[in-house]
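Below: one structure, written as structure tokens.
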């Protein structure tokens, strides 16, 4: 493992500013790591030319601006394939976007670029961000750099490539997106930090939509501080996204003071699921104790509608997805099926979508179409919307009662083996999101922090959920947790 | 009180083979918002551009693209709502209407099903002096237009033009208050007139900027009244919807055909099937497009890319304050202010530009004479030449000048018409033309008397005839006019001839 690619963003930033290292050197180090890591299948479109060009530009910016250069200047990052990147393949890990090269750059990646960040390439993911294992990808699964036996493990999903790349030190940070846990679950599975900001904090413009009311981009990094630095460049109001919040952007890194005294941390009793592994339960308890030791007050709270969150999510997200994915019809771009003589537009739609979408996407499009159809709309979609507002109210109530943040496990288990779930009922896979979907439904910020290893030696994460727009405070709490947990383990390089 | 009072027209009755029938009609009018940019993208709405040249990434539904509401379009919808005396909803929201079609790139149309921006209003549809139908408006909502599929350019392919995709439409939905084909056409014409006054839609039906879907059913006399009393639609017949008509003539013809088609079915003991139909203007008939069973399930749901549309009361009031005088008020004012007939007022207010022209002419002059000249001379001539009022070679100032010369007695109405012709073809200041060409009317009685004396002296036989038959005096008047090149004041000539002949 290259020393350079193992630097944290904060360390690299300081080294760049001091002139101890150049962006070109950092980038070259990462590119070497990427070249040697094909076994992880994390980077699916490599962009070394763009990377070197941006690295040189970043060095120029650093020279010109010195300490005034943005925190991300010269930092090599990976970009989830869900983000549209100008003239670079952007296909949401789907066959239906085969050969699609957008003529535009998503707001988030454009902001990273403007801040001097160096794009190394595009990262693997579950197709259209639908999945928890990265197994639903046209590129094949990304592989978790952690392994304890001969089994290959999932890096989680949908931002599995991002998580694997960051954990394997192929890049210093990566963009992810999170609709039901797609940043936090893979972060927990790979022992890194994943932050899903408040809905509306980062622009959705130029990110391939999965479920518009839930999707949110966020940073995936190796430290909490790095998440703060990277979020600073990704976030901000965008008039091109009507759901993006027109709020001033605080200095997220400055919010990390290490002082959490007097903060009230809620422990929701409804998250104590039946059949929860004892080590998860123990880790959760330890996390609470660490925060208490740092001066926070631990409070038992109730979020009574939690048990409805998963079914509610699996109505709303597919409903929106079924509509959002209607545009992939073979008419204007992407994949178009070959037609037999005499076949018309209906056959073109049917064949294109049957051949272009993988089974999980097809399943969700069908679920979504069903729950929105006449006669079922009220029973499913409308009901789910009502449940969603109740879930949101649960959080509002505890925050109004003075709770500053909520601590939960990030996932119900550590990473599982690739292929292990392939025969299982899809609902088993959906259960991976049980601790994370509530946060998306309520539009809140949530962060997964690596907190320990399970008995096999695989990373486990804890999740902190914050008040809306209080990412700074959330990061501060997370950094305390990170420090107290002292998670320093790294995957052994086997690839 | 500026409102004109009116009575409702009789519903159209169609005599069937067995008994009489009436029809009940409701319309959905799609009016393109007069905006340079589309509803959710910055792309241009210019008509007639090269295919697929007015298409943004949003219109083409590229991955990750998001709609952003065009505030100007919202303002036009509010303006239209206020013009139709409708309730403005300060809180409205957008929904997605999902269906697949190649000219619908998103796979859904963004519309307002559940919470439209404009609620109930009304339109007074004039059906002749003192007769008008009050048509209630149910709602107006904003929505995106689709693109255009062209099926006949290639035997194997359909071509798609996305220029129209995403253009803002106002869908104006009426209650089933319309009772005949003429009323339906007049209703659309009235909406068009009001929106042109407001400037919210150019009303160009040929370009498809104003289109109508017609819902029509037939019933027996008395059924409609029972429906109105009870609100129970089962008193009405099964309706069919005729889609997408862009001419008043077609609307009328389609309704006429469709009502007779339904009546024929019912009188044969059959049942009308609820369905969507298309009007074929070449064959003058409607045909089935899709039945109720084949109807799309649009899977409407709130568009998650857009926040609810919240507008401020003060903003609405500011728009209200900026509304122009609307056709009904203008017409009533013309009747009372200028003393003209309701019919003439209706003609003069049909188009705002006409009304403005008339008022410029009538200002400080005799309103009735101004109305006569504008309607008969000017409009007559414009119609003949196929010109619009904006293209009129005779300005309101020039026409006013002609009327002034007439009022002063400088020219007769006959000369005035000649003068109008000169101004029309050559232009110029009417008073100067009269001076330069010696067209001024001779009112000098001495000169006229001398001329009369001469003609009497030269025509003793005619004098005798005139004494026997006073009508022959007209011959003398004609001779005098001829001798003076038509410039003699006819009134003065009449009097002098009568006096000299001793009549």
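We count from 1, first residue shown onward.
Any Cβ shown, glycine's included, is placed from N, Cα and C.
Annotated features in TrEMBL:
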type	residues	note
ACT_SITE	A:80	active site, charge relay system
ACT_SITE	A:158	active site, charge relay system
ACT_SITE	A:182	active site, acyl-ester intermediate
DOMAIN	A:25-475	domain 'Amidase'
DSSP-derived structure type at residue A:158 (active site, charge relay system), helix or strand or else coil: coil
Where residue A:80 (active site, charge relay system) sits in the secondary structure, as DSSP reduces it to three classes: strand
Pairwise Cα distance for residue A:182 (active site, acyl-ester intermediate)/residue A:158 (active site, charge relay system) [Å, integer]: 5
Spatial separation of residue A:158 (active site, charge relay system) from residue A:80 (active site, charge relay system) - C-alpha basis, Å: 10
Intrachain C-beta neighbours of residue A:158 (active site, charge relay system), sequence separation six or more, cut-off 8 angstroms: A:82, A:125, A:126, A:129, A:130, A:131, A:132, A:134, A:177, A:179, A:182, A:186
Residue A:80 (active site, charge relay system), number of other Cβ atoms within 10 Å: 31
Neighbour count (Cβ, 10 Å) for the residue listed as 'active site, acyl-ester intermediate': 36
